[in-house]
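All remarks here apply to the structure that follows.
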């Protein structure tokens, strides 16, 4: 694996999941693999789980880790080519990425979308500029439109819980929120569910929240949440802003909040969320604190997802 | 030791002091103890000594360290239960603490009081929420009402300097400041002096600055600073805001600043302060730069206090 | 070497360059040298290359590294002696430096000039206060008037590219910028070129941008950029504000921007810059993206410069 931005970079999803689950059993078995290698973690935006779990994963592999909040500890980068840089940006990504590529063996980057310009966000300009100039393998810590470490984690979390001979019914449901959020997590979850293929996958949301078909792909779309959730084995809850009316909150119907009542016709479904979650807005306390929530072990699996990805790049990336 | 929040968590103060002084002689003797263990250091507030000394201590034990300024690199946490999270908080401590507990073997947390609501601060709501949900041992890097790593350091610093057969006279004196400061350091110093028991302990402050009796305990209270300081062997200087008129500066009499003149009737007392100290407001230059100030070696001892605590938790915490 | 602030601390520039180039060939050959030693990196100002390359260098030597953004993660330091600290500064450098000296074996510090008070900046008050009170070797990560890790890097970068029997012609040219920048990089480059002595060194800038003669020394000064660049083998581009009319932009003539046209009479000169560089203000895209730009490998050499300096201090600093 030479980079990790989307499913397209992954030779096989099931194999990567197996590698992650092996690390979960024996976190320090490859402590020599990253010896004398450095991971640079570059944040253009805040992070909790991704930041912390990836550090732990890299150290489990014996890598050095350097964390750099470039937005706070450095300065603003210019992402556009050909610009006369007489404004607020102090350094061009052409230099910043290339220089960091001189220091690090792998670069991991978090960069959120602006949610103003759909074309710019969906071209993944920011992370692609880093990839173009870094000269070393790049790992996404969430980019404008995808969050692959989260989605790999989600596959792992479903896989380790499902032993029945049939495919589990997985339903991703939109839920309300007070802010306009990126589509990165739902796009990515859909892309990975489709690439994995071992689930019966449905997406439910109010009309107007359709995701980019490039990512939703062959998923069933059902506008009636109650109907969608019938018989679900796993319910993946997430808010996102509109892709069509780009970056807008076009509906924030509180009836879409996930409650026990809403979940009563599922197949005793496990509840997943990438976190952070706004309690009693997106999901009710009773669900998060109930026996079916798996959001904490799901977050715990972030370590093994990151460790699988880093190990594959260390083995094959150069 | 399963956590480190107050003296109540410590099986024996003298034993912990001995462990610390052993590490001071041989810092790297237990380099294997923390192998493949990670300390997560979570800051909700700024820090210099605590931050740096605890990192050094953990590395001396071979632990990995991950530092996270959650207030700056993450987002605001919700600490209250049952809330509809449609405001400024993005994640509930129930998730944040539990998730970090998935990544770390020990969590160390700094969280200051608001100084608005005595009951909330003195219930130690913030650090208790972390303890409740982390699922791993929690070490206080200073909480709303106590600063145990500082106080253990202070015991160490007195202990290593006192060889006479009698108990030393230790006087903690309030001193002026321009800001309303927490009672955490004086509460904690009093609690540790009382728990240690090997000192003759007096507290002096203007009327109205009485500490919570739960912490001042059996200490002598003397409102006349000059009288209190007579014959002192150690003078511990610190400002704090009122506990009774909660969080208020009710008196800022500059005559309480610690000067050589004020110290003339002590027993050639050593001068201690937790730092940072505002020079010529709290303590005069002449004292801090004089031969009796031990504030720098006191701060140096922070490493050995933290190392003793972490080692005890690594040995017995789980 | 006991500290690293300027060429005056360096026993021999060529020897230090050789040490650096040896590390470039074998980065991990001295992995045991820094065992159980900690480098404290203290930032009073932002940094990218210096921050990241020095961390990598220290880890290559087996040192622990603690990074502390004292301006953001701590509080404001008082640098003046004898002050009544009732204002915005919370801790005096006398305590802060001395305490950090208790925790670290080497302290590295970045502190920019205010560009208001020439005398204060040129006395190097800030870094000198750290040196005075730290009690351990101090390495400059750029101070008010000098940036020695950058300049050592620049010597390395020229040295490894020049094999002809004659001295290379090195021209440092001022170029326009939108902000008033320190003189630290040009002062330092001049000082190191003069100390190294193995180059034919010219400085060109508009009138009024003369550097402190203490640093420009024996360099040729030429006010006509075109004439200065004739026959140059290396062109070192940098903006700086006026030393005479201290901290002011007295001329921002865009004709001084470095373009291919401007470089046509050089000896196919290699183009250097310390970065960050504002494209199409300081240097044109065509130059930075052209075959003669060596700014990226120059930045890469920062690691070896830092590693040479740290190794010399580890060997001889105490």
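Cβ coordinates come from backbone N, Cα and C, glycine included.
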Hey, TrEMBL has carbamoyl phosphate bound by A:47, A:48, A:49, A:50, A:75, A:147, A:148, A:149, A:150, A:274, A:275, A:302. Any idea which of A:15, A:110 it lists too?
-> A:110
Taking helix as H, G and I and strand as E and B in DSSP, count the residues of the domain 'Aspartate/ornithine carbamoyltransferase Asp/Orn-binding' (A:198-311) in helix, strand and coil.
-> 32 helix, 20 strand, 62 coil
Averaged over the whole of the domain 'Aspartate/ornithine carbamoyltransferase carbamoyl-P binding' (A:3-160), what is the pLDDT?
-> 97
Rounding to whole Å, the Cα atoms of residue A:47 (carbamoyl phosphate binding site) and residue A:238 (N(2)-succinyl-L-ornithine binding site) are apart by 17
Which of A:75, A:142, A:147, A:177, A:238, A:274 (binding-site residues) reach within a Cβ distance of under 8 Å of chain B?
-> none
Students should find that the binding-site residues A:49, A:75, A:142, A:147, A:274 with a Cβ under 8 Å from chain C are A:75
List, in sequence order, the same-chain residues at least six positions removed whose CB sits under 8 Å from that of residue A:274 (carbamoyl phosphate binding site)?
-> A:49, A:147, A:150, A:154, A:185, A:238, A:298
The number of other Cβ atoms within 10 Å of the Cβ of residue A:75 (carbamoyl phosphate binding site), counted over all protein chains shown, is 16
Go through A:177, A:238, A:278, A:302, our binding-site residues, and report the one whose Cβ sees the most other Cβ atoms within 10 Å.
-> A:302
Same-chain residues at least 6 positions away from residue A:149 (carbamoyl phosphate binding site) with a Cβ under 8 Å from its Cβ, in sequence order, are A:4, A:50, A:54, A:139, A:140, A:141, A:142, A:302, A:305, A:306, A:309
What's the CA to CA span in angstrom from residue A:177 (N(2)-succinyl-L-ornithine binding site) over to residue A:75 (carbamoyl phosphate binding site)?
-> 31
Rounded to a whole number of Å, the separation of the Cα atoms of residue A:278 (N(2)-succinyl-L-ornithine binding site) and residue A:75 (carbamoyl phosphate binding site) comes to 31
